[in-house]
Amino acid sequence: MVLDPEEKIPDDGASGDHGDSASLGAINPAYSNSSLPHSTGDSEEPFTTYFDEKIPIPEEEYSCFSFRKLWAFTGPGFLMSIAYLDPGNIESDLQSGAVAGFKLLWVLLLATIVGLLLQRLAARLGVVTGLHLAEVCHRQYPKVPRIILWLMVELAIIGSDMQEVIGSAIAINLLSAGRVPLYGGVLITIADTFVFLFLDKYGLRKLEAFFGFLITIMALTFGYEYVTVKPSQSQVLRGMFVPSCSGCHTPQVEQAVGIVGAVIMPHNMYLHSALVKSRQVNRANKQEVREANKYFFIESCIALFVSFIINVFVVSVFAEAFFEKTNEQVVEVCRNSSSPHADLFPNDNSTLAVDIYKGGVVLGCYFGPAALYIWAVGILAAGQSSTMTGTYSGQFVMEGFLNLKWSRFARVILTRSIAIIPTLLVAVFQDVEHLTGMNDFLNVLQSLQLPFALIPILTFTSLRPVMSEFSNGIGWRIAGGILVLLVCSINMYFVVVYVQELGHVALYVVAAVVSVAYLGFVFYLGWQCLIALGLSFLDCGRSYHLGLTARPEIYLLNTVDAVSLVSR
């Protein structure tokens, strides 16, 4: 729907920030031509607990830096960083070390830096507009593309949830010395999710502190493994800062691509843009907005530095201890250590292949039972923390895209059911190798969903009607465009490699049809993104059918006078 300048928007009331949003129009007009937000009345997210409380920012005279203010803004970045430490990332890390040694640490560093820059865009969108990414997508895209985009993001969230369930189930199985079967661990994760989700009833800061506690557990457990194995520090530094991969072949290249897919999570853009709304920022004051952007970026830098160090711990442990090890060598060590898991590995001369489960077993064989149990505790912390942030992501995405308010209980029931059923079937009817093998497929799935977060975040943060003076400059636009192109190229590589392994004509046909539909939708989003980046000649005077217009009518989001229209 495109409104004439004289046409009035029905006064539906406030549209989305649930708090200090009345001042948004003073600095940030945003537009919509496909649909307008439906009001929820005077209620303030009645089913959501996360935004029931907003953290006040201490008032001080302006200074370049204040530790008090940084502490007040600390929280969202560490919750966001959980996605960089989920079981899928841990599995990617250990496989990277076992397959390529220290050679791919620079890829991990580069992927983390790229992730940081993308999180910066997500946080800025939430701070400047008072809306998270899903809400902005709801206001901008027409109905059909909006629904498709929502389904793609939900698919990414469910895939991530499956990884968390798998990781938690394996950790419980290891901690119980196999007494709790894998399907039992899967069922336990259903119950513990509800327990942990009640924590935010005790206050936002306590919830954020609990996440900090889980990150600390991961740092201590994986740090213990690092100290125990004693990897070569010179090799670690060389792998981190020298971008090369001598002697690398297809497995190493595929692993490098897998690192990118594991580190940069699509749903994390939606999550971070929503989490920053938990701080009280007067968006009518440009100085406060700039200050919030600065402190959120500093916090994100600290949080992702911590997550990077933890990931380096895991890569280095497996690079030092298990790079180029054979199954025969591992079996011999496990038998000498009287490990009950010696039969887990084939007694042949092929290169050792590890996953989350086997990784814990070989650590126990080489460095004692303590290493196995401490590894399992770290994996459990990774799975549980990711479970909670995944639930928040799902809630924000559903509420934003569909303007639908669900209780968190109902939301967990839905997503957990979808994630649990296939995972439970594999756990019951297959072995642990098939269960952990799902992580590789799910990392590919996450990578394929990346454009559905990267393109919208780049589009909207580049639009001046949305971001006012905080829109992306030419440098960010060029860098973002190159990044999206690179990610899409990586995805196509993933698709080609994966399809080649299918080995069946019917599957080739299905893959071809899905690939065409996938690329078509990515092209659609990319087209709109290029117009937003300034290539207005692409709109051909007809882009209003797509959701972007050469002269988009905009309205002041969340203002009391919702009928006021202005034109760019």
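Each residue's number is its place along the chain shown, starting with 1.
Cβ coordinates come from backbone N, Cα and C, glycine included.
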| message | Taking Ser176 first and then Ile482, would you say Swiss-Prot puts both of them on the same side of the membrane? | response | no
| said: Under 8 Å for C-beta pairs, could you tell me which stretch among 70-90, 155-175, 180-194, 256-276, 507-527 has the largest tally with the transmembrane segment (209-229)? | reply: 70-90
| field | Considering the transmembrane segment (96-117), which listed stretch of 155-175, 180-194, 302-322, 441-461 counts the most C-beta pairs under 8 Å | value | 302-322
| remark: Residues outside the topological domain 'Extracellular' (91-95) whose C-beta sits under 8 Å from one of its C-beta atoms, at least 6 past its ends, are 108, 255, 258-259, 261-263, 311, 314-315, 317-318, 354-356, 359, 436, 439-440, 443
| Is the transmembrane segment (441-461) close to the transmembrane segment (361-381), in the sense of at least 3 CB pairs under 8 angstroms with a sequence gap of 6 or more? | no
| remark: Of the listed stretches 70-90, 180-194, 302-322, the one with the highest count of C-beta pairs below 8 angstroms to the transmembrane segment (441-461) is 70-90
| query | Which listed range (155-175, 180-194, 302-322) shows the maximal number of Cβ pairs under 8 Å with respect to the transmembrane segment (70-90)? | reply | 302-322
| query | What average pLDDT is reported by the model for the topological domain 'Cytoplasmic' (382-408)? | reply | 82
| At the level of the C-alpha atoms, what whole-angstrom distance separates Asn349 (N-linked glycosylation site) and Asn336 (N-linked glycosylation site)? | 18
